[in-house]
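Participant: My structure is below; once you've seen it, I'll send some questions.
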Amino acid sequence: MNRKLSIFSAFVTFTMMIVLLMGGTVTKTDSGNGCGTDWPLCHGELIPTNPSVETMIEYSHRAVTGVVGLLIIALCLWTLVAFKDRLDIKIFAFLAFIFMLIQSIVGAGAVVWQQSDLVMALHFGISLISFASLLILTILIMERSGQEFRESVPAFLRKLLYGLLIYTLIVVYTGAFVRHVGATYACVGWPVCSQPTMTFEAWVQMIHRILAGLLFFYTLFVHYTAIRLKHRTSRTGMLFATFFISCQVATGAWIVLGGHATYVPLLHAFLITCYFGVISYLAYHAFRTRKKDSRLR
């Protein structure tokens with residue numbers, strides 16, 4: 001294990017989490033136009049003068065994202081040199097970089113061209129994929145040299161994990177869409193909307209709740225399957241996933257029933273990020289143990 005590289009990779013993964021939470025702050029405070037329609041400048045300036053609160057939030061998000069982007073590039077180059085014979089590490093380093101780049105392009109496009117809500121809802125999901133790639137990359141770097149995984153994931157559980165990963169992205173997209181169309185408080189009551197008439201925003205909110213509820217029960221089923229099949233890694237990972245998704249549902253209800261403070265939606269975003277990271281690793285672990293050779297070469 002390359003100790004210095006492991007520490008650096010873990011640090012970069014942490015900074016990517018910060019980027020995600022700062023992006024959530026931009027959305028929650030409606031600060032996306034805090035720098036006007038200029039990018040990468042802010043109101044035509046490299047450093048804004050007399051900035052408003054919204055400008056400070058948007059500008060700091062851009063600045064941190066730029067720094068983290070450079071850190072990811074440095075991490076990719078370092079891993080390419082340190083692990084010349086590891087295709088799996090190269091792939092996740094590339095994924096972390098490319099999705100960070102796509103996220104930045106989508107964010108810039110939103111400022112310059114005022115993208116639709118359908119497009120902007122992709123932004124958070126793209127960032128999640130970059131974060132998950134960094135997390136898996138860090139775990140791979142930290143593994144002992146020559147370590148093998150002989151505990152193959154049963155085919156049924158493996159397929160469940162693949163499906164859970166894909167379905168999670170769908171639910172994440174609907175959650176981001178709820179925020180971007182301003183539907184967070186469109187429903188009165190929880191878990192169902194109790195108002196007599198349903199607006200478009202209320203339907204968007206209700207559909208997300210239904211899909212999120214199904215994700216919760218899907219997670220419980222996968223956890224139960226991992227326990228029944230006695231697969232240690234999946235069982236432990238799904239225990240964490242179940243904890244995160246349970247807290248996620250609770251914070252979702254909290255937001256609707258009175259959690260108007262900025263930190264509540266940020267906690268909601270933090271929990272789904274942790275959940276997605278766990279599920280992503282478990283899905284990849286299932287993928288690489290499908291054959292005797294535990295690594296991509």
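Yeah, the Cβs are placed from backbone N, Cα and C, and that goes for glycine too.
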Participant: Per Swiss-Prot, does Thr199 fall on the same side of the membrane as Thr262?
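Facilitator: Same domain label for Thr199 and Thr262.
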Participant: Looking only at Cys35, Cys42, Cys187, Cys193, the disulfide-bonded residues on record, which one has the least crowded Cβ, with the fewest other Cβ atoms within 10 Å?
Facilitator: Cys193
Participant: Where, among 63-83, 122-142, 263-283, do we find the most CB pairs under 8 A to the transmembrane segment (7-27)?
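Facilitator: The stretch I would name here is 122-142.
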Participant: Give the helix, strand or coil assignment DSSP yields for Cys193 (disulfide bond).
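Facilitator: SS state of Cys193 (disulfide bond) = coil.
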